[in-house]
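Enquirer: This is the structure I want to talk about, given as structure tokens.
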Amino acid sequence: MKKDVRILLVGEPRVGKTSLIMSLVSEEFPEEVPPRAEEITIPADVTPERVPTHIVDYSEAEQNDEQLYHEISQANVICIVYAVNNKNSIDKVTSRWIPLINERTDKDSRLPLILVGNKSDLVEYSSMETILPIMNQYTEIETCVECSAKNLKNRSELFYYAQKAVLHPTGPLYCPEEKEMKPACIKALTRIFRISDQDNDGTLNDAELNFFQRICFNTPLAPQALEDVKNVVRKNVSDGVADNGLTLKGFLFLHTLFIQRGRHETTWTVLRRFGYDDDLELTPEYLFPLLKIPPDCTTELNHHAYLFLQSIFDKHDLDRDCALSPDELKDLFKVFPYMPWGPDVNNTVCTNGKGGWITYQGFLSQWTLTTYLDVQRCLEYLGYLGYSILAEQESQASAITVTRDKKIDLQKKQTQRNVFRCNVVGMKGCGKSGVLQALLGRNLMRQRQIRAEHKSYYAINTVYVYGQEKYLLLHDVSDSEFLTDAETICDVVCLVYDVSNPKSFEYCVRIFKQHFMDSRIPCLVVAAKSDLHEVRQEYSISPAEFCKKHKMPPPQAFTCNTVDMPSKDIFVKLTTMAMYPHVTQADLKSSTFWLRASFGATVFAFLGFAMYKALIKQR
């Protein structure tokens, strides 16, 4: 909504433009009228819409055409004043003023016009019969008001309607020729309906209607008022009410009715509450609220955000199988202007074995990934879902936790983070993709079913360490000789080499020495494809000796060529190293240290599976 309103009064000489302005200010008819009134400003606290309003007078005697054109360009709304007792001034509305104004404004963004019939005290008839055909001819005319500066009739209403034409314009909402709402308005209201339909049954029940009424208008509807609304819809739309709930068709009919009855401020209140601007686009302020992220800090979803996303998942998981089918996912994203997830997402997070559909855990993981890698996009997505409205928060920023500086974690030897990034490094063909897919529980046979164009360079899943659920985010970095700064920023590094390729380990050594040897980032060497015949690596010392020399844990044997899911031991170790980068080399070598971490992972994985089964049974 505009922060202020600028009203320009134009019209033929002596129709009473200046008198109208002066009578509004002084509350009485001026005996002496100057050729032109000075610009006046009405403070926000004395206007119904609480917006400061500037009223500008135009005088043909004192101003030239260039000054008139400038005032037109600055105005938000123009009042064309005519005298009801002067036919010539009425004729000039269409022969002079409307064409002149339209020539000076863009065709796609015409200024709203108010026709003002002044001096109604001098006649006993109305000019409306003459004016109505003009209003029907020009869609930019918002309304017509007959008034009298002399007896103060309707002069306050005149400026109220002018202000309303700017703050609650009819043009973007409604097409008078077709007598129906415009497509952009229907699209916006349809999104609002889908967000408000919290149980996804295609209707707004009484609880949903009351919630909608409260968040938009700050007041609930009385039960009788609710029934009255539904009865109006029933009488006018055959399928506007179903199972005693308001359908989308009924919802759209109500807003059409509001607009037709001149109550378009009601529709605008709803649209603006859900983030729309005057062009029916979601505002940048709504989609991208301010969120300060200091250096060396990361972004995560907080508990309230996860609860919200759980409710969104439940809303669209219609068959209650704890996975979203392609149709269910498409239905979920109907409130988005585009499909945000591509086929690579299915290879980034966990899917079910039946149809390769994104599971409940995979759904939350993808949101966690987006929040960590691109928090602005996460804010945008939460905005499309209506987070701030449904969660009754000021903005989506309240869904985000900004972690503390990593240097503080190192000093205190503990972290509050829940998401840890591991960069997976290795030469092409060494098995990095296998490591990523193994995090999602996929063996080599399942990995071979992935199409090349759907490959993902990220994988994310939960890992349990000492009974704590954490997210491990794996990133397959490029296999170039020199990594970019962005490719070296992480919490832990996984150096992968192929045991069957004699040149594979040497690449890991070069990358380690160039980027990580002098850093405080812990590194773990993974001997991939351990099911194959191991050959001697073409490097001066063996991988085991290299790890010992640089105070790293010994190389971890790994293969995804298994009958069942690959082992998750390396993921527990990587997450543990990321959580406790200060742990000494002696601790890292201790079997007891890893046993405690792995035991916690096993216990909580079992508990998680039991809770998952209970959830399915309960639902």
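Cβ coordinates are placed from backbone N, Cα and C, and glycine is handled just like the others.
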Enquirer: Which one of Pro35, Pro43, Pro99 goes with Thr18, Asp57 at the Mg(2+) 1 site, as Swiss-Prot has it?
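Expert: Matched candidate out of Pro35, Pro43, Pro99, per Swiss-Prot for Mg(2+) 1 with Thr18, Asp57: Pro35.
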Enquirer: Kindly point out which candidate in Ser59, Ser73, Ser196, Ser238 is recorded by Swiss-Prot as part of the GTP 1 site with Arg14, Gly16, Lys17, Thr18, Ser19, Asn118, Lys119, Asp121, Ala149, Lys150.
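Expert: Looking at Ser59, Ser73, Ser196, Ser238, the one Swiss-Prot places in the GTP 1 site next to Arg14, Gly16, Lys17, Thr18, Ser19, Asn118, Lys119, Asp121, Ala149, Lys150 is Ser59.
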Enquirer: What does the structure give for the C-alpha distance between Gly429 (Mg(2+) 2 binding site) and Thr18 (Mg(2+) 1 binding site)? Integer Å is fine.
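Expert: Taking the Cα atoms only, Gly429 (Mg(2+) 2 binding site) lies 82 Å from Thr18 (Mg(2+) 1 binding site).
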Enquirer: When DSSP is mapped onto helix/strand/coil, what comes out for Gly429 (Mg(2+) 2 binding site)?
Expert: coil
Enquirer: As a quick check of your reading of DSSP, tell me how many residues in the domain 'EF-hand 1' (184-219) are helical, how many are strand and how many are coil.
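Expert: Residue counts in helix, strand and coil order: 25 helix, 2 strand, 9 coil.
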Enquirer: So which other residues, same chain and not among Thr18, Pro35, Asp57, have a Cβ within 8 Å of the centroid of the Cβ atoms at the Mg(2+) 1 site?
Expert: Lys17, Ile21, Val33, Pro34, Arg36, Ala37, Tyr58, Ser59, Glu62
Enquirer: Measuring CB to CB from Pro35 (Mg(2+) 1 binding site), give everything in the same chain under 8 Å that is also at least six residues away in sequence.
Expert: Thr18, Ser59, Ala61, Glu62
Enquirer: Which numbers of helix, strand and coil residues does DSSP report for the domain 'EF-hand 2' (304-339)?
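Expert: Here the numbers are 23 helix, 2 strand, 11 coil.
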Enquirer: Look at each of the binding-site residues, Thr18, Asp57, Gly429, and point out the one with the fewest other Cβ atoms around it within 10 Å.
Expert: Gly429
Enquirer: For the domain 'EF-hand 2' (304-339), report the average pLDDT of the model, please.
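Expert: Taking every residue in the domain 'EF-hand 2' (304-339) and averaging pLDDT yields 97.
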